[in-house]
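Colleague: Below are the features listed in TrEMBL for this protein:
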| type | residues | note |
| --- | --- | --- |
| COMPBIAS | A:234-244 | compositional bias 'Basic and acidic residues' |
| COMPBIAS | A:290-300 | compositional bias 'Basic and acidic residues' |
| COMPBIAS | A:301-344 | compositional bias 'Basic residues' |
| REGION | A:159-180 | region 'Disordered' |
| REGION | A:228-254 | region 'Disordered' |
| REGION | A:278-344 | region 'Disordered' |
Amino acid sequence: MASSVIEDVLIKVEKEEAEKLKSITVNKELDLEFDTGLLLAYDKNPVDNRDFKDGKQEEFLLSLARDNTQLLINEIWKLETEKVDQIIVAKLPEPTTKLPREKPVPKPKPPTRWEQFARLKGIQKKKKTNLVWDEVHKEWKRRWGYKRAKDDTKEWLIEVPGSSDPNEDQFAKKNKAKKERVARNEYSRLKNIARAQKIKVPGMGLPPTSKQSKTELAQAVSVAKFSTASAGKFQEKLPKEKPPRNTGKKRKFQPLIGDFNIEKQKQLDLLKLIESKKPRINITQAVNKQMREEDMEARNSRKGPGKGGRKGNMTGKRRGKGKGVGKGPKGKGRKSQMKQGKRS
Amino acid sequence: MRPLTDEETTTMFEKLSKYIGENIKLLIDRPDGTYCFRLHKDRVYYMSEKILKLATNVSREKLVSIGTCFGKFTKTQKFRLHITALDFLAPYAKFKVWVKPGSEQSFLYGNHITKSGLGRITENTAQYQGVVVYSMADVPLGFGAAAKTTQECRKVDPMAIVVFHQADIGEYIRSEDTLT
């Protein structure tokens, strides 16, 4: 009896093992196409519509994905492997599927000036070696660039030619010539690029900027006006043109020890201006006075004409202040001095 | 060193007129000599022309001060009056405040003047008017701004501030480094 139980268990285990093995092998009608370089599996098997009926589509898709992934993994195991840090790694081959272009095909560039000339003259491009034998240093050096074979600027001895000035620095001359050649080369390169991209480059001066603000235009106008032989003195003005302000960068001050009388006069004039700006009547005081007067009048009129003497005194007080106490703007003054106006 | 521009002169005169009113004329137009204002490193100096001519012989970096410094222009072109201008403000002041001997020291340490320390105040002082502060012995101690009008000063309680402190002669010791 025990043996039969054991047998049953063994049979069960075997079945499970077989099941597992079975799941590794997948049966498909049409074989899949693989591009292991891109880890791509291409399944051309037709899909049954019945599998997509309500509820069953999830499991169908899951089983489909599982089967195809299994087949792909099988393919990967077929590749040659190597061990990297105790991990088995498969070496992927080159991808065979052609991916579409990311960017459009580049347009053919227009030929540079040299290329046009070469085509015209029928000059062919000669293949040159990268390295040249340098006799002096007895080694192979580059044809051009860093540590090149025949470097003009690295000569340690230059004979002064008979025709030139003995005090002239020949080394500096060579360096300058080299710099000029580099600059000219760069300029030609940029011009070629400009021609290729159809950008307009002016022959002399700066290229025009696209959108200029009002101030920039005004500045350009004033600069253009000034850039004449007489510094803009005889240029006609447009009918509504205003003279430009802030022309120079430096502020101009009066001289340190100028005419002291003129300075004094100017300061006195400024003082007069300041005085004129200040109001001559103190508005709050005027309003208070007005209110006090009105109170007094009201009181006197109530008490009768017997107290007429007081009125005379009041006029005396009024004379002391300001030019004339007219009915100033009441709104402002009254608010701030309301407390004072009340009879204490 | 350079003379003041028109804007700078206007700003300075407006500030001075808060304390001395139209007596600035007496500073500009003096019977005993020509005096002028000059600007050096943002500070305004008041000097006679003789001193000015001597000062032109000193280089800009080495020149520390000329005549009396009235104040300085801040970075935003506001004018700040210094205590060194007191000698010229005191005789021409329009509104004066006398402080009692007890709170003299408090004012000289930089505190505001309270009603309890107030000795006398000129009539008709407006609020926030520039005032020059004196001791009871008529020694100018500094200047400030009236916090209350003369009328209000009579009614207000003894601990209320009546004069805001702006400058006092104690600053000659406290801010010795920054005064020129």
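Indices start at 1 and increase along the chain as displayed.
Each residue, glycine too, has its Cβ placed from N, Cα and C.
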Colleague: Could you give the residue numbers and ranges of same-chain residues that sit at least 6 residues beyond the region 'Disordered' (A:159-180) on either side and whose C-beta is under 8 angstroms from one of its C-beta atoms?
Modeller: 152-153
Colleague: Where DSSP helix means H, G or I and strand means E or B, what are the helix, strand and coil counts for the compositional bias 'Basic and acidic residues' (A:234-244)?
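Modeller: DSSP classes over the compositional bias 'Basic and acidic residues' (A:234-244) add up to 0 helix, 0 strand, 11 coil.
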Colleague: What is the number of residues in the compositional bias 'Basic and acidic residues' (A:290-300) that are helix, strand and coil, as DSSP sees it?
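Modeller: Residue counts in helix, strand and coil order: 11 helix, 0 strand, 0 coil.
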